[in-house]
Structure formats: C-alpha cells, structure tokens
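TrEMBL annotations:
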{"type": "DOMAIN", "residues": "41-328", "note": "domain 'Histone deacetylase'"}
{"type": "BINDING", "residues": "112, 161, 315", "note": "substrate binding site"}
{"type": "ACT_SITE", "residues": "153", "note": "active site, proton acceptor"}
{"type": "BINDING", "residues": "188, 190, 276", "note": "divalent metal cation binding site"}
{"type": "REGION", "residues": "387-518", "note": "region 'Disordered'"}
{"type": "COMPBIAS", "residues": "401-411", "note": "compositional bias 'Acidic residues'"}
{"type": "COMPBIAS", "residues": "503-518", "note": "compositional bias 'Polar residues'"}
C-alpha cells in the first residue's frame, strides 16, 4: 500500500526490519522536577519526575541507556539565541528582576514566562538533553528521548508560551551536521511557531505542525503559511478545531506524514509530543486518547529513521506522565499493562489507577468535509516538491561534544572543543504579516496581555576547527566528514542577511504571542 494512504507505517510488526529491537537512550536529570514556575502556573516540571517514576515501575529504564544530560553552555545556546538574551537569562533572578524591568519587557519575560529560582539551570538542563539526544542519534542510536525538552515557542531573542530556550532548534542544528534533511513533527495542541520560524527559508528542514487554530495561542499556523524562498512548501500547517478525536486525527496524520516521508526522505526525525492535545488537558480542547496520541509515535517509529522524541505542553500532569510513559514503551516496542504498578505518585492516578483514561464525549467540531479539504490541500502542496532535495557537499561543521553521564554515576570528563561555536544570525521573513497581525485577541496561555514579537533569525558563520578534544561518550569526536554544504545552518543564510541588532528596532510589528485558556 502507498505510504501516503496510511500504509507502510500503520503498526509495529514483531518481525522484519521494523520489528527489530531499537537502540534507545533516555535523558533525565533528577533535579528537573524541583524547578517551579510559581503558584498557579500551569507549567509544572514535576510532571517529568512523575513520568520517570512510572518508567521505573514499569521496568522500562532497564531497557534503555539512561543518561544525565550535560548542561548546555552559553555558547551552545548562542548557536541560535542572541548573546544578550542568553546573558539576561543567566543573570536574572527573582530578587533582581525588579531592577531589570526594561529587559523583562524586551525579552517577554514576566507573566507566561516568569523569572523563578534556577531558571537558567533549568534551560541548560532541558536544552542539554535535546542536543545530547541529537548527538546520540548522530552516532548510532535509533531513538533518543528527552521528555524535559520540546519547548517549541522560544524565539531567538525572547521567551514565549512558557518556553525560554528553543531546545528543538538547537537539536535540529546538531542533526544537520550529519543529515542532509531533518523532519520536525509537532503534535502539541499549540502551533510550533518558534521552530517553524527558525527554518522557514530552508529546504533542509521540513516542519509539520498539527494544532488548534483560531483565537488560540500563538495565533499562527494558518494552512496558507507554507514557507518562504527556498523553504516554500517545506512548512506544513494542519489547522484543527475543538474536540478532534483519534480517528479524525489519524485520518490526517498518517496520509500526510506518509507522503512527507516519501517525498522529503529525511535522515532524521524530531517528534515533539506535547501532551496538551490529550482529552481533558487543563489548557487544551482536543479529545485524543493516550493510545491515539501514541499512535503518532508508533507511526513515525515504523519508518526506521533516527528519531528524537521530545516533550512539550501538557498541563493535566497525571495524564502527561501516563502519556509519556506509554510512549516510551512504544519507542522500546513494549506494550504496557493498563493496571498501573504502585509508584511514588500513585495517589495522582486515582480512583482507577490505570495507565489509560477514556476520552470525553465532547463534540468533535472537525467535520469530515473540513478534514478532507485540509488533507487535500496539504497533499497538493507536497506534490509541488521535488523528491529528496539535492544538496552539494562541503566539510561538516565542528562536532558538538556532550559527555553525557549515566544517571547516578559521576563522569569527570568536561567539555572540550572550546573553539567549535556556531553563531546564529539570519533573518527569516514573515509572510502574510497582515493576516497574522489581524489576530489581535490571541495573547497568552493564561490571560490576555500585550506583548511584542521579535522577528526570527536563523543562520550561522562557519565555525573554527576543533583544537583537538578528549574522548566523549560513545566515541563522539570531532573528525571531519563531507556533508551537504547546507548541513550546517550556514546554508539557511539568505543573501544580504545582517547580524541581529540588540535594540527594539529589529522587531517587525506587534502580533499575538500567547493564548487564552479555553
């Protein structure tokens, strides 16, 4: 059966190439659950600790390599983010924020994205896990998991939607060092705007986002937003309405992603598994079951392409833990029992104490006609692409070296390769700005507030060669290889692109950046 029709990836066979055991690594820092956005804030890193506890009780930690991420350094973050923004995140504290009111406003830090104790360490941890996962995929692992990552709204110079550092962009840049093409898929209920903007003008990265659209944060993700210049038709947006269920969702996901895999033929896939698209989410309005959500993981796994699984949204934390535990099982090829084993957070899962929860009886506002129309338009866009974009070759950028540690084991190795920085400084034009700026009532994930969005830049200058570094886990080194000339972010550079200015003059216009709680 043609993959575009949903075959060839529908299930997880027990025999054959797809049924083979995957080499899976999992990144977790025991401190991540201690970070606290503040009283009443819906984003709760504690959900990562709950997920980890379930993985242990289901015996999944023994089935994969468990690694503690090495914290991302300043210069790692500056491969995408502006130097002054990273410096601000590093220096601001709850005690000093009142002395930095201008900077708070400039970098959109305050309400949705509050200053809290350990903010910068939190960013370093979740970004380190995602970049570390990319390094592992570049060196032989089949699947890498970082449930603390997936913060897809962060921009080059500003925080947005609970996200400060865009670990996804950083991970994709790492994957581009070894892979000609990288696919990004986003099943969070919110549009993956930060990642789309970062790669809007390149054909090296395809972004596909399935999201709620219409009077909803961040207000972007129209089906007509398809990319720009070389990146035209390499951005796909799947706008959905309230109440979408498993059957309706998969009627779009499988044919669209099957055709994407056929046409784009990526060397690696990044799947953002935001769990706010589940039924009953505190901020969401979809009606997916955990199995329906996990079917997306199962489907993308079935193509046997290096796969990076990341977290994202998810605000009913008992269901987030259920979902990401189950999806870890899918990654490993293990079906988990519904009866939940006793665990440290058992009381969260009452009264049924099961892994799965039934969807609600809410109305599905996505009609068959609407779904058919969306599928038809997107498959038509994909038909306009040539298969597997051709690329020229040049020397690969210097290696990112991340000596990840096995959890609970000390590793004295420190990072080396001090000269292998890749700075990001390219402009991404924002098409249809009139249409986007007309969405004036879409502002925050918690409550309305006026914010200003910077335009997005993504590019790099060629990095200097490594000075010769010590050994890294699993033999990650800095050996030179020939790779596509735009395997580095440099390929994204447009003629005449300028280094980003630090003043507000570089901003395009006021436009929506957050959404209201339904």
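Cβ coordinates are placed from backbone N, Cα and C, and glycine is handled just like the others.
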Alpha-carbon spacing, the residue listed as 'active site, proton acceptor' to residue 190 (divalent metal cation binding site), which is rounded to whole Å: 9
Distance [Cα-Cα, Å, rounded] between residue 112 (substrate binding site) and residue 190 (divalent metal cation binding site): 14
Whole-number Å value for how far residue 190 (divalent metal cation binding site) lies from residue 161 (substrate binding site) (Cα to Cα): 9
Sorted by sequence, non-188, 190, 276 residues with Cβ within 8 Å of centre, divalent metal cation: 189, 211, 212, 274, 277, 283, 284, 312, 313, 314
Residue 315 (substrate binding site) and residue 188 (divalent metal cation binding site), distance between Cα atoms, whole Å: 12
Fewest other C-beta atoms within 10 angstroms, as judged across 112, 161, 315, which are the binding-site residues: 315
Among the substrate-binding set 112, 161, 315, as the record gives it, the longest Cα-Cα distance in Å: 14
Cβ neighbour count (within 10 Å, all chains shown) around residue 190 (divalent metal cation binding site): 29
Local confidence of the domain 'Histone deacetylase' (41-328) - pLDDT mean: 98
Pairwise Cα distance for residue 315 (substrate binding site)/residue 276 (divalent metal cation binding site) [Å, integer]: 6
Around the Cβ of residue 276 (divalent metal cation binding site), the count of other Cβ atoms that are within 10 Å: 24
